[in-house]
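**Student:** Dumping the structure here so I can ask a few things about it.
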């Protein structure tokens with residue numbers, strides 16, 4: 001597939017708009033699942049830890065399956081994947097309205113909806129990167145706010161729909177709204193050159209013709225027959241033997257010639273095909289070895305290893321508030337009349353503000369992006385420690401806003417990863433980090449819910465969450481200290497295309 005140069009505009013802005021609404025429609029309900037979480041607790045009567053698995057799977061499974069999502073988009077294109085994923089999200093939400101128990105929701109809402117969201121996220125980011133180069137950061141920042149705006153709106157929308165139509169009616173309506181993803185996906189026109197050459201042959205098509213034994217064998221037999229028939233006519237004209245004797249001799253010659261040629265050709269082709277398969281297997285095995293060697297090289301970088309631990313601990317501790325904050329308010333016996341806005345909506349709108357603000361700060365030359373990311377981790381840990389002391393709606397609303405703003409550090413995480421491993425290793429490193437981020441998203445809320453089931457209060461759970469985030473932030477800060485650069489320079493040099501993060505340089 002041959003692509004034109006990214007136009008940085010034109011139809012690209014249509015791609016930005018439809019990608020924004022795609023993330024708005026697909027991530028609105030999973031990110032605002034805290035509203036549904038309360039209803040599922042009452043409907044099924046299961047523990048908080050077991051019920052929290054539904055929302056954590058919906059938000060984590062897409063990251064866990066990010067390698068599969070990337071392969072799907074690369075193989076089939078962004079538009080077909082977006083349309084197919086729209087059916088997945090809408091179907092999963094509608095199926096969830098008929099859930100007889102919590103285990104059914106694990107499949108319908110957790111896995112089906114979560115995987116659909118992961119595919120849509122990969123499709124929107126990929127198609128946007130194709131259309132933008134110089135303005136890629138701005139375009140990606142704009143479409144990433146779609147999920148945050150979706151969280152803000154869907155939190156209030158789902159609560160209103162539950163009051164009017166009940167939990168089942170809410171899920172049916174939200175699922176029907178998700179069908180608009182199909183219209184958005186149909187507008188994701190691939191950026192192909194109008195005079196692009198036909199697609200290259202696949203690996204099977206590239207196999208030389210001499211490996212197709214059966215075709216060659218038939219061709220050899222036919223040629224031998226035609227040659228022998230011609231020789232038969234000439235020989236019959238030259239010699240006046242009886243016809244039956246000539247026929248007998250000719251038949252024997254034909255059979256012996258065919259048998260010899262078939263055996264020699266078949267043996268030759270089998271040997272050639274076997275050698276080809278061996279070479280192909282060696283190349284595949286070498287690719288796997290190279291992948292694991294590059295992975296080992298990445299983890300030799302101290303900052304990358306610390307970043308891997310930090311993102312895992314951050315998602316274990318920092319994600320649960322967006323899912324459980326509404327239940328925290330109910331457990332604190334806060335009067336519903338004091339609610340001016342759902343706490344999850346506050347988290348959503350402040351996440352959008354945080355993404356844009358932190359993204360702008362990361363572009364400033366005098367700002368070190370790694371230190372900026374570490375600051376957001378440390379502040380998030382302090383805010384999590386403060387949640388058990390919040391006993392009013394106003395205090396919880398302020399903490400929700402702070403946590404939402406700091407969660408916007410997702411917008412600068414790619415910058416930090418690029419500075420840590422280099423642009424050549426970004427895809428490999430980012431895939432590993434996103435996998436463990438999804439693992440943290442999946443484990444965080446159930447762990448906090450289990451703490452509540454064990455202690456019957458959220459204080460211990462959020463102390464644990466705050467400790468996890470603070471630990472990740474301190475480890476990353478220690479790994480990024482300037483003394484590590486001196487030690488690295490005095491010791492062995494890093495392999496090509498890999499370098500440690502120099503904190504003295506601006507991001």
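Cβ coordinates come from backbone N, Cα and C, glycine included.
Pulled these from TrEMBL:
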TRANSMEM  12-40  transmembrane segment
DOMAIN    15-484  domain 'Major facilitator superfamily (MFS) profile'
TRANSMEM  52-73  transmembrane segment
TRANSMEM  80-98  transmembrane segment
TRANSMEM  104-125  transmembrane segment
TRANSMEM  137-156  transmembrane segment
TRANSMEM  162-183  transmembrane segment
TRANSMEM  303-319  transmembrane segment
TRANSMEM  339-358  transmembrane segment
TRANSMEM  370-390  transmembrane segment
TRANSMEM  396-417  transmembrane segment
TRANSMEM  429-452  transmembrane segment
TRANSMEM  464-484  transmembrane segment
**Student:** Verify whether three or more Cβ pairs under 8 angstroms connect the transmembrane segment (370-390) with the transmembrane segment (464-484), leaving out any pair fewer than 6 apart in sequence.
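**Tutor:** These two segments touch.
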**Student:** Pairs of Cβ atoms less than 8 Å apart decide it: which stretch in 12-40, 162-183, 370-390 has the most with the transmembrane segment (80-98)?
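**Tutor:** Result: 162-183.
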**Student:** Can you see whether the transmembrane segment (339-358) and the transmembrane segment (429-452) are touching - at least 3 CB pairs under 8 angstroms, only pairs 6 or more apart in sequence?
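**Tutor:** As far as Cβ distances go (cut-off 8 Å, pairs 6 or more apart), the transmembrane segment (339-358) and the transmembrane segment (429-452) do not touch.
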**Student:** Between the transmembrane segment (137-156) and the transmembrane segment (303-319), do 3 or more CB pairs sit under 8 angstroms, pairs being 6 or more residues apart?
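**Tutor:** They do not touch: fewer than three Cβ pairs between the two stretches lie under 8 Å.
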**Student:** State the mean pLDDT for the domain 'Major facilitator superfamily (MFS) profile' (15-484).
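**Tutor:** Over the domain 'Major facilitator superfamily (MFS) profile' (15-484), the predicted model scores a mean pLDDT of 78.
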**Student:** Determine which residues of the chain contact the transmembrane segment (162-183) at the Cβ level, with the cut-off under 8 Å and only residues 6 or more beyond its ends counted.
**Tutor:** 21-22, 25-26, 28-29, 35-36, 39-40, 43, 82-83, 85-87, 89-94, 96-98, 120, 154
**Student:** Taking the transmembrane segment (104-125) as reference, which of 52-73, 396-417, 429-452 has the most Cβ pairs under 8 angstroms?
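**Tutor:** Stretch with maximum Cβ contacts: 52-73.
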